[in-house]
Amino acid sequence: MTEKTPDDVFKLAKDEKVEYVDVRFCDLPGIMQHFTIPASAFDKSVFDDGLAFDGSSIRGFQSIHESDMLLLPDPETARIDPFRAAKTLNINFFVHDPFTLEPYSRDPRNIARKAENYLISTGIADTAYFGAEAEFYIFDSVSFDSRANGSFYEVDAISGWWNTGAATEADGSPNRGYKVRHKGGYFPVAPNDQYVDLRDKMLTNLINSGFILEKGHHEVGSGGQAEINYQFNSLLHAADDMQLYKYIIKNTAWQNGKTVTFMPKPLFGDNGSGMHCHQSLWKDGAPLMYDETGYAGLSDTARHYIGGLLHHAPSLLAFTNPTVNSYKRLVPGYEAPINLVYSQRNRSACVRIPITGSNPKAKRLEFRSPDSSGNPYLAFSAMLMAGLDGIKNKIEPQAPVDKDLYELPPEEAASIPQTPTQLSDVIDRLEADHEYLTEGGVFTNDLIETWISFKRENEIEPVNIRPHPYEFALYYDV
C-alpha cells in the first residue's frame with residue numbers, strides 16, 4: 001500500500017472531482033460502519049479535530065451514558081468507491097476518546113495498530129505479513145426466518161447440484177444441465193463454471209481499487225463457491241484489505257443480481273468457506289521464517305511461532321472462528337483443518353507449510369483453521385500475539401505429521417489434538433487463556449470481557465434456546 005499524507009488525500013479528492021467522502025470504521029463483531037459527508041466539509045480540520053459520532057448505537061462500543069466518540073482519518077486507506085453513483089472517496093478512520101483523544105481500546109483498527117507496535121517493541125521482528133484467502137458462495141437467492149412457531153432457511157443457485165431436475169434455467173429457458181456436483185467444483189471450465197464473467201467483474205473492481213491479484217477460480221463447493229487471491233500486506237493493512245475485499249465482492253455480486261455470503265457453512269453436505277491465513281515475520285527487510293536445515297525449511301523462529309498458534313488455538317479460535325456457524329465447517333470429511341498439528345503437505349493439519357523452494361523471502365506458514373465470519377483486525381492481531389508468545393517462550397509444537405490424518409489407526413489418531421467442536425467451548429477457553437493477548441496492552445481485559453459477553457448473549461444462547469428444524473425429523477413422533 002502506497003504511503004499517503006493528508007495532502008495526498010486532498011489532491012486525490014480534487015483530481016477525481018470527489019463529491020462525497022464516506023467515513024468508515026469497524027464495529028466489534030467486524031462489520032464496517034459508515035456515514036457520508038460532502039467533500040466541501042472534508043478539510044484539514046477533519047485530520048486535526050476529527051468527526052464526532054454516537055458510539056452507543058455501535059455493537060460492542062460505548063453505553064448510552066458515555067456515547068460520544070471521535071473519528072480520526074487514516075490517509076493510507078483512501079480509495080475511490082467503485083459502486084456509488086456520485087464520485088465518493090472511502091476512508092477508514094480510527095476511533096478515539098473525545099476528551100482525552102486517546103485511541104479507543106475497543107476500536108478493532110486500533111488493536112491491530114497496537115499489535116504492530118508491540119511486535120516492534122519485542123525486538124523479534126518489525127513487520128508481520130498476512131495473506132488471507134477468503135472463500136465465499138455466490139447464490140441467486142436467500143430467505144430465512146426464525147419465529148416462535150417456525151424456523152427455516154433456503155438458498156439457491158441455478159448451478160447447484162440440487163437443480164439437476166429443475167425445469168428451467170434462471171432466465172426461463174429449458175434446463176441445459178452442467179450443474180456442479182457436491183464437492184466437485186474445483187477448477188472445471190465453463191459451462192460447469194457459470195460464474196467466470198461475474199468473477200472477472202470482481203477482479204476488475206479489485207484491481208481498480210489497488211489490489212495486486214494472484215488468481216480467481218471456482219472453489220470445491222456446488223452452487224457457486226469461489227475464491228480470489230491477492231497479495232499479502234502488513235497486519236493492519238491486510239485487515240483493511242480483507243474488509244475492502246468483502247465489500248467489493250458483495251457489491252459486485254449485488255449489482256449483477258446475485259448475493260454473496262462469507263458464512264463458514266451455508267450448505268449442508270458440501271465444503272465450507274474458510275480464510276486460510278499465510279503469515280511471516282520480517283526484520284530490517286530480511287525474512288525470519290527460513291532455515292534450509294529445518295523441517296520444511298523452517299527456522300526456529302517459525303517453528304516456535306507455530307508452537308504458539310497450536311498451543312493457544314482452543315482460545316485463539318474465539319477470534320479466528322468466532323461464530324456458531326464456524327463449527328459446522330470444522331468437521332471431518334470436507335477438507336476442513338481440524339487437527340492441531342503442522343505439516344508441509346497435509347491440508348487437514350491446522351498449520352500447513354507451503355512449498356516455496358529455497359527462496360527465504362517466500363517462506364511462510366499457513367494457518368488454515370480461520371474463517372472470515374469475524375473481525376479481521378482482531379483475528380490477525382490474535383494470531384500474531386499467539387505466535388509471538390510461542391517465540392518468547394520457545395513453545396515446541398507436536399512433531400509434524402505428513403500422513404493422511406483421516407487414515408491413521410485409532411490409537412495413533414487419539415494422540416492428535418483437534419479443534420474444539422463448538423463456539424461455547426472456545427469462549428470458555430478464551431476466558432481461561434488470554435494473557436498472551438493482553439501482553440503490551442494490545443488486547444485489554446475490558447475488550448476480552450466484552451467479546452465473551454457479546455458472543456454468549458447474542459449468538460450462543462439465542463441458538464441454544466431455539467428448536468432446530470431437524471429436531472422435528474428426529475423427535476416429532478416420540
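Cβ atoms are placed via backbone N, Cα and C, with glycine included.
Here Swiss-Prot flags 16-100 as domain 'GS beta-grasp'. Looking only at the domain 'GS beta-grasp' (16-100), the predicted model's pLDDT averages out at 94.
Residues annotated as domain 'GS catalytic' in Swiss-Prot: 108-478.
Under the heading Mg(2+) 1 binding site, Swiss-Prot lists Glu133, His276, Glu366. DSSP classifies His276 (Mg(2+) 1 binding site) as strand under the three-state reduction.
Marked as Mg(2+) 2 binding site by Swiss-Prot on the basis of experimental evidence: Glu135, Glu219, Glu227. In the three-state DSSP assignment, the secondary structure recorded for Glu227 (Mg(2+) 2 binding site) is strand. Sequence-distant contacts of Glu227 (Mg(2+) 2 binding site), defined as residues of its own chain at least six apart whose C-beta falls under 8 angstroms from its C-beta, comprise Glu133, Ala134, Glu135, Phe136, Gly216, His217, Glu219.
DSSP classifies Glu214 (ATP binding site) as strand under the three-state reduction. The annotation ATP binding site is assigned in Swiss-Prot to Glu214, Tyr230, Gln231, Phe232, His278, Gln279, Ser280, Arg347, Arg352, Lys361.
Secondary structure from DSSP puts Arg368 (L-glutamate binding site) in coil. Spatially close to Arg368 (L-glutamate binding site) yet at least six residues away along the chain are Gly274, His276, Cys277, Pro337, Arg347, Ala349, Cys350, Val351, Arg352, judged by Cβ distances under 8 angstroms. The L-glutamate binding site annotation in Swiss-Prot covers Asn271, Gly272, Arg329, Glu335, Arg347, Arg368.
Swiss-Prot lists Tyr406 with the feature O-AMP-tyrosine. Proximity of Tyr406 (O-AMP-tyrosine) to non-local residues of its own chain (separation of 6 or more, Cβ distance below 8 Å) is seen for Pro332, Ser348, given in sequence order. In the three-state DSSP scheme, Tyr406 (O-AMP-tyrosine) is classed as helix.
Closest to Asn271 (L-glutamate binding site) by Cα-Cα distance, out of the binding-site residues Glu214, Ser280, Glu366, is Glu366. The record assigns Asn271, Gly272, Arg329, Glu335, Arg347, Arg368 to the L-glutamate binding site, and the maximum Cα to Cα distance across that set is 14 Å.
For His278 (ATP binding site), the nearest of the binding-site residues by C-alpha distance turns out to be Glu366; the candidates were Gly272, Arg329, Glu335, Glu366. Sequence-distant neighbours of Gln231 (ATP binding site) (same chain, 6+ apart, CB under 8 A from its CB) are Gly131, Phe211, Ile212, Leu213, Glu214.
Take Glu214, Tyr230, Gln231, Phe232, His278, Gln279, Ser280, Arg347, Arg352, Lys361, the residues named in the record as contacts for ATP: the widest Cα to Cα gap among them comes to 22 Å.
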